[in-house]
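The active site, proton acceptor annotation in Swiss-Prot covers His134. Positions annotated as NAD(+) binding site by Swiss-Prot: 53-57, 63-65, 114-117, 209-211, 235-237. Annotated Zn(2+) binding site per Swiss-Prot: Cys142, Cys145, Cys167, Cys172, in sequence order. The domain 'Deacetylase sirtuin-type' annotation in Swiss-Prot covers 27-270, and the record cites sequence analysis as its basis.
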Amino acid sequence: MSLGYAEKLSYREDVGNVGMPEIFDSPELLHKKIEELAVMVRESKHLVVFTGAGISTSSGIPDFRGPKGVWTLQRSGKGVPGASLPFHRAVPTLTHMALVELEKTGRLKFVISQNVDSLHLRSGLPREKLAELHGNSFKEICPSCKKEYLRDFEIETIGLKDTPRRCSDKNCGARLKDTVLDWEDALPPEEMDAAKEQCQTADLVLCLGTSLQITPACNMPLLSLKNGGRVAIVNLQATPKDKKASLVIHGLVDKVIAGVMYMMNLRIPPYIRTDFVQISLRNSVKKKCVRWTLRVTSIHGLRAPLPFLRSVEVSFPERPDMKPVVLKEQPFSLQRETSMNRPFVMLLTFNFSDGCGCSSSSIEWPVDFLKQKDSFVRDRSLVLQELQHAAEHRSRAGQHAILEREGVPRAETSIHALVTNIVRYDTEDSKAAVPMATWMNSNGSLSKRHMDAIGCNPASSKKQKLVATRHRRKGLNPATQKV
């Protein structure tokens, strides 16, 4: 699947230097520089991170100027490269999740990003700690009241154009706009001002995966120098700002950041993705029967896509007289006519799309047309926290929970959260006792065991016993270890 953002950009001949050769520091020099960077981060009182496309390449999203970058291939007449995953299923990288941990510990004060992939927000970085200079392919904004809408699908347009949706505020209702800049669009003042202020305050601006060529954004990190701050750059190519930097590291960003986190004795949290679905059931009485309609839709609107769902299976375990069905086309809808006096249970099985960490998840839905269900709204942040804790503890996706329900005569609607992916980056308890060379491959990439997507199906019982035995010998608790 090609990247919609790159295809939607208007054509521009001059995109700066592309296809620049990649530079790799020797293992010895890289190790030394990582140690130096770890000291700089540890001693920083106001760390600001400035990110570019290079921090997302390990998630399957191509960069722009590298040997296989978007603009490099376009200049050679090869067109836009394909992504290894659908854009909406791209997973935050080790670097994204490390930044989340650095922010939680209070070390990282702010992130300035030139990326539009939404991976910083998807990783869990607080919105107030992020400036997205070039916009976000998954975000809409109301030009009237400035309310932002983060979607689970890619917005159809770029260039600050109108989208098909409107502001949900009852006092507003204005047509929403996309937030992604085209070539001639000016940087959003709110994001720009916040980024400038943070760079001026920073005692260290760490530039990750950016060639620092796009103006005016590329000049922001240097604002820290005026107040005695420092700049560090981690990138595979040389940048125009290298001479101004206190430290320049040529290496894979994930590898460098993994080393920094290791030396600072900080964990890299797993990425746990939660998606949302709305289920509604409406009915009308027809003599002694009830005609009912089931709908499975997006929380972003009846016409909005559900990109994480491939199909929905509807079955009736306690009613062999009711035929099961597989809904394959969105919007997912089922109409039936049944007896009013016979309650039943619907089993809804959500079959997930490619890129999810498990194949499916099922929800039981009791139906009794003679009783009206109660309405409630649960604490969303608490429910999501519990869901994520359960997913991390079990090392698998597929958990679900109801967030809210509205019951009215002849209808009920509920919103459910589903854990659709879990990815671990830092799970080896014995790593601290192992030299760095053994957990970093000689080719410059992280060992596979530090980037492991966990599916829904648990490991075999034989493998679980072997792992548990090994952990007991090491004095570890098998229940908390990844299989």
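The backbone N, Cα and C atoms fix where each Cβ goes, and this holds for glycine too.
Each of Pro143, Ser144, Lys146, Lys147, Ser168, Asp169, Gly173, Ala174, Leu176 belongs to the same chain as Cys142, Cys145, Cys167, Cys172, is absent from that list, and has a C-beta within 8 angstroms of the C-beta centroid marking the Zn(2+) site.
Counting every protein chain shown, the Cβ of Cys172 (Zn(2+) binding site) has 14 other Cβ atoms within 10 Å. Rounded to a whole value, the Cα-Cα separation of Gly209 (NAD(+) binding site) and Cys167 (Zn(2+) binding site) is 35 Å. Among the recorded positions listed (Ala53, Ser56, His134), His134 has its Cα nearest to the Cα of Cys145 (Zn(2+) binding site).
Taking a C-beta cut-off of under 8 Å and a sequence gap of six or more, Cys167 (Zn(2+) binding site) has these contacts in its own chain: Cys142, Ser144, Cys145, Lys147, Gly173, Ala174, Arg175, Leu176.
Between the binding-site residues Ala53, Asn235, the minimum number of other C-beta atoms within 10 Å of a residue's C-beta occurs at Ala53. Ranking the binding-site residues Ala53, Ser56, Asn235 by the distance of their Cα atoms from the Cα of His134 (active site, proton acceptor) places Ala53 first. Taking the C-alpha positions, the distance from Asn115 (NAD(+) binding site) to Cys172 (Zn(2+) binding site) comes to 30 Å. Note: the CA-CA distance between Asn235 (NAD(+) binding site) and Cys172 (Zn(2+) binding site) rounds to 44 Å. Cys172 (Zn(2+) binding site) is 35 Å away from Ala53 (NAD(+) binding site) when you measure Cα to Cα. If you take the Cα of Ser56 (NAD(+) binding site) and the Cα of Cys172 (Zn(2+) binding site), they are about 36 angstrom apart, rounded to a whole number.
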